[in-house]
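Undergrad: Copied straight from Swiss-Prot:
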- 20-194: domain 'Exonuclease' (DOMAIN)
- D23, E25, H181, D186: Mg(2+) 2 binding site (BINDING)
- D23: Mg(2+) 1 binding site (BINDING)
- F29: site 'Important for substrate binding and specificity' (SITE)
- F77: site 'Important for substrate binding and specificity' (SITE)
- F124: site 'Important for substrate binding and specificity' (SITE)
- F146: site 'Important for substrate binding and specificity' (SITE)
- H181: active site, proton donor/acceptor (ACT_SITE)
Amino acid sequence: MSDICDANKLKHRFRGYFPVVIDVETAGFNSQTDALLEIAVTLLKMDDEGMLGIDKTLHFHIEPFEGANLEPAALAFNGIDPNNPLRGAVSEKEAFLDIFKAVKKAQKAADCHRCIIVAHNAAFDHGFVSKAIERCDLKRSPFHPFATFDTATLAGLAIGHTVLAKACMMAGIPFDNKEAHSALYDTERTAELFCYIVNRWKQLGGWPLLAAAGAQDAESDTEE
């Protein structure tokens, strides 16, 4: 089968977009004024059967940018002490340079043309990521400037629940509420949930589309 029509390749699954699962922990809800404190990024891969799975995860504690607002209620909620030296925090720029390098390498390996953020309530994470990139004056961001895959929406459709913990449990994905609100933990659970939904849709016959399958069959007949 020609690579052009192989629906089991990641580059054909999302119109050439490479999905990158992201979760952030912050010191508030305003991406312009409130600090980004933690970020985790999970890269995905697709096997020869077209099943999506986790590849690897990057994780960074972030130093608040100069003049950043730190909302006490937000810090109490996520349990982060921005001044704790044991966090091993790095600057936003250092973190995003490493993230850019890793995601661009994975995107290229998958032969995709751009990355797209996957997140639970994705507008929030996308907003903080975009603003941090802007603050750092980083050029050539690998991420689409506005399109995202929101697992809250996808889970509502596919599973019937929009809360991450509930959706994971309903999908058979273990979820420990004591570990929640850690970017590392939440990102990997979000990645598992996204993979579950994508793979389940395939198993139910939703992918590849009949038109695409017909094109593949026609090409196979021509080659024979």
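Backbone N, Cα and C define each Cβ position, glycine as well.
Give me the local environment of each listed feature.
TA: Reduced to three states, the DSSP call for H181 (Mg(2+) 2 binding site) is coil.
Around D23 (Mg(2+) 2 binding site), the same-chain residues six or more apart in sequence whose CB sits under 8 Å from its CB are I39, A40, A119, H120, D125, A183, L184, D186, T187, T190, listed in sequence order.
Sequence-distant neighbours of F29 (site 'Important for substrate binding and specificity') (same chain, six or more apart, CB under 8 Å from its CB) are E71, A74, F124, listed in sequence order.
Taking a C-beta cut-off of under 8 Å and a sequence gap of six or more, F77 (site 'Important for substrate binding and specificity') has these contacts in its own chain: H181.
According to DSSP, F124 (site 'Important for substrate binding and specificity') sits within a helical segment.
With a 10 A radius on its CB, F146 (site 'Important for substrate binding and specificity') counts 9 other CB atoms from all the protein chains.
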Undergrad: Round to the nearest Å and give the CA-to-CA distance linking F146 (site 'Important for substrate binding and specificity') with E25 (Mg(2+) 2 binding site).
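TA: About 20 Å separate the Cα atoms of these two residues.
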Undergrad: Check F29 (site 'Important for substrate binding and specificity') against DSSP and tell me helix, strand or coil, would you?
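TA: F29 (site 'Important for substrate binding and specificity') sits in coil per DSSP, no helix or strand.
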Undergrad: Within 10 Å of the Cβ of H181 (Mg(2+) 2 binding site), how many other Cβ atoms can you find? Include all protein chains, please.
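TA: Around the Cβ of H181 (Mg(2+) 2 binding site), 15 other Cβ atoms lie within 10 Å.
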